[in-house]
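Asks: Questions regarding the structure given below will be posed in turn.
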Amino acid sequence: MANNDCCATQLIDGDGEFNVAGLDNFIRTVHLASCGLSYAVVSIMGPQSSGKSTLMNHLFHTSFREMDAYRGRSQTTKGIWIANCVGIEPSTIAMDLEGTDGRERGEDDTAFEKQSALFALAISDIVLINMWCHDIGREQAANKPLLKTVFQVMMRLFSPRKTTLLFVIRDKTKTPLENLEPILREDIQKIWDGVRKPQAHQHTPLSEFFNVEVTALSSYEDKEDKFKEEVAQLRQRFFHSIAPGGLAGDRRGVVPASAFSISAQRIWKVIRENKDLDLPAHKVMVATVRCEEIATEKLNQLRSDKGWLELEEAVELGPVRGFGEKLSSIIDGCLSQYDEEAIFFDEAVRNAKRKQLKAKALDLVYPSYTTLLGHLRAKALDDFKTKLEQSLNNGEGFASSVRTWTQAIVLEFDKGSADAAVRHANWGASKLRDKLRRDIDSHTSSVCSEKLSEITTNLEKKLAKALTEPVESLFEAGGKETWLSIRELLKRETEAAVSEFSASITGFELDEETVEKMQQSLRNYARKVVENKAREEAGKILIRMKDRFSTVFNHDNDSLPRVWTGKEDIRTITRDARSASMRLLSDMAAIRLDEKPDRINTVLHSSLIDKTSAATSSQDITREVSVDPLASSTWEEVSPEDVLITPVQCKALWRQFQGETEYTVTQAISAQEAYKRSNNWLPPPWAIMAMVVLGFNEFMMLLKNPLYLMFIFVAYLVGKAIWVQMDIAGEFRHGTLPGLLSLSSRFLPTVMNLIKRLAEEAQGNPTPQGSQGSASQTQIFRNQVHKPDSVPSSISNSALSSVGSSDNDNEYSTTNLSQRRRTNVLEAEFS
């Protein structure tokens, strides 16, 4: 009857050690975990050597070790063994307990018997009580201690389930079973009544705890065939034992097959610790442990799920269409697998662990969900930026474009977040949606500021260009209405810029206050440009004053360069030039953009021009002691912020200006005197009279001798030619010593040149007039280049150059004047 498929395994050894590895291997081998609640546990207990293992082997086709009758009666089964019942449906586990009343443990060592009996009652659906037929009705029969043990340990179970006790009467006699069963039941009732019970179960009948069944079998040794036939009939009762009306008792305390190992271990641990066994609490405990294991297993499977890993990887790269549906399907699969395996456990525990599994699964996938929403938000923001830029490039209004695309982009984000929603969670995307709105608002504000800044910058550049050069020109011109012209220019250009600005920002739909602020900022910028330019020009006022002085002093009313001939009134010219320079100083003394009257020009004129004139024209007039109006750091009626040059600084600048322009006046005076000397070659009248009186005899001698007269005429012509050729008058105009030095170096080449030309004319090959003129001009140019380098410290040279010391045009004009004079002399000579 033995079958290797039964996989007999020792569950608990004789010392009470639980074989965890053996049980786990047994469950895997017989595929017990997949049975759910569709399994039964049948255990057998009885006196030692009563044929328990033999009965189990024949009844369930197991392979428990049996006693060898030829070797004598001794302990065969040690501890507790389990095996799979072959061919029984549903799956049934047979459990063979160590026999009671064995001599190996002794009379007093009954602890293991009670522990194993309690263990069998806690996990078994059917308990077979193996007893001899001849013990029925006997007071000291071997089955009574066993029954007392069963009933006593039953009291240690809190809310025990109803177990089937199948009494198997071995080696039945001719007494019919109908007569033996009442006696047996009476004995069982007496034993039950004699057992001490808790107060709550003092009057509880036996039927509340046990279903008592009785069967009888013939002797295996004497009637083996009859025994096997009866066992085969009994075997049929174990088919579908857990069905309603089946042999198994109450199934309320049964645990799912997948938790059988955990349940058995915990029950044995409690029993070994000699504690009362609370089966309902144990059921919850087993359900908690097993459901936790199942949930952990399913969560690990979810982590390694191929579909989930692919989805997670795809989400890292960008938005995934149908993310929510795909993820919901994956989570549904995980939860359904959990439900399938945990369906037989306590419902409250199962549901609690399912919620935990669901929460952990959602925690696992939540980062990917947030990543996806992040991609959606980033994509939406990028789309908004692109669409807004395109709209602005197409000339659409800023505010209308922002409204249109904000609504469209947020709607698109809402669709994407709805597609990403997971059915098992109520996460929502409101936070990211709000963040998207904030990002859009931030970008809108940034673009708005950028565009407005660009508009403002362009207008500021235009304003700077429109104001800088004209203002500089007006300051340089220094007219009577300089600041009036600047104010008109500022107002005109500012209003034009403000009008252009207002037209440019129409599409932004800004509030009036903001527009007014920006317009005012533009006006302030234009004013600042003028003020900065005024301050810049104020720093160059001394140069401007000297230039103005030089211009007025060295040019006449027709803007032609002055030639100091001695007829000019240098005093009046100097006063006019200084007055013009003073007007520049007055204009640059303060900023006058607010049309406020001031007395700067009057104060400066009275303190600088009038006072200086009075001092130079009347030195004998006694000066009255008075307060100096320029001895101050501010101007009356002028704000300190508008002051460019303080009165004290004006006074210092004027002093410096006078010192630097005085030399120009001195040089003009020297030029007048030099001009007078250069144009007066006749000796004084008394010298002429002396020459006439004293040279009368010589004159008469010339008249009497024509040869002398001819010689003198030739000498005159030669001298005149040399005079013109060498420009003696021009040479001596720079001074006597420089003139002599220059003539001494040029006299011999000039004489040789004249002789050469005379010889060529005598031979009939006169030098062309053009060549002569060219040579003459070349010589004159060389003289011009050479003369300044010869005696640079000459008084005459200084006098002539001082006229144009402050203006290059004047110097050029003086040089041209000398050139025209020499050319006229040469033309007169050769004509």
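Cβ coordinates are placed from backbone N, Cα and C, and glycine is handled just like the others.
Grabbed the feature section from TrEMBL, which reads as follows:
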type: BINDING; residues: Gly46, Pro47, Gln48, Ser49, Ser50, Gly51, Lys52, Ser53; note: GTP binding site
type: COMPBIAS; residues: 791-818; note: compositional bias 'Polar residues'
type: DOMAIN; residues: 36-251; note: domain 'GB1/RHD3-type G'
type: REGION; residues: 786-831; note: region 'Disordered'
type: TOPO_DOM; residues: 1-682; note: topological domain 'Cytoplasmic'
type: TOPO_DOM; residues: 728-831; note: topological domain 'Cytoplasmic'
type: TRANSMEM; residues: 707-726; note: transmembrane segment
Asks: So if I measure Cβ to Cβ from Ser50 (GTP binding site) and keep only same-chain residues at least 6 apart in sequence, which ones fall under 8 Å?
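Replies: Non-local contacts for Ser50 (GTP binding site): Gly99, Asn130, Met131, Trp132, Arg170.
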Asks: Cβ atoms within 10 Å, counted per site: which of Ser49, Ser53 has the most, among these binding-site residues?
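Replies: It comes out as Ser53.
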Asks: Kindly state the mean pLDDT of the domain 'GB1/RHD3-type G' (36-251) in the predicted structure.
Replies: 81
Asks: Within 10 Å of the Cβ of Gln48 (GTP binding site), how many other Cβ atoms are there?
Replies: 20
Asks: I'd like to know which of these binding-site residues, Gly46, Pro47, Gly51, is least surrounded, judged by other CB atoms within 10 A.
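Replies: Counting other Cβ atoms within 10 Å of each of the binding-site residues Gly46, Pro47, Gly51 gives the minimum at Pro47.
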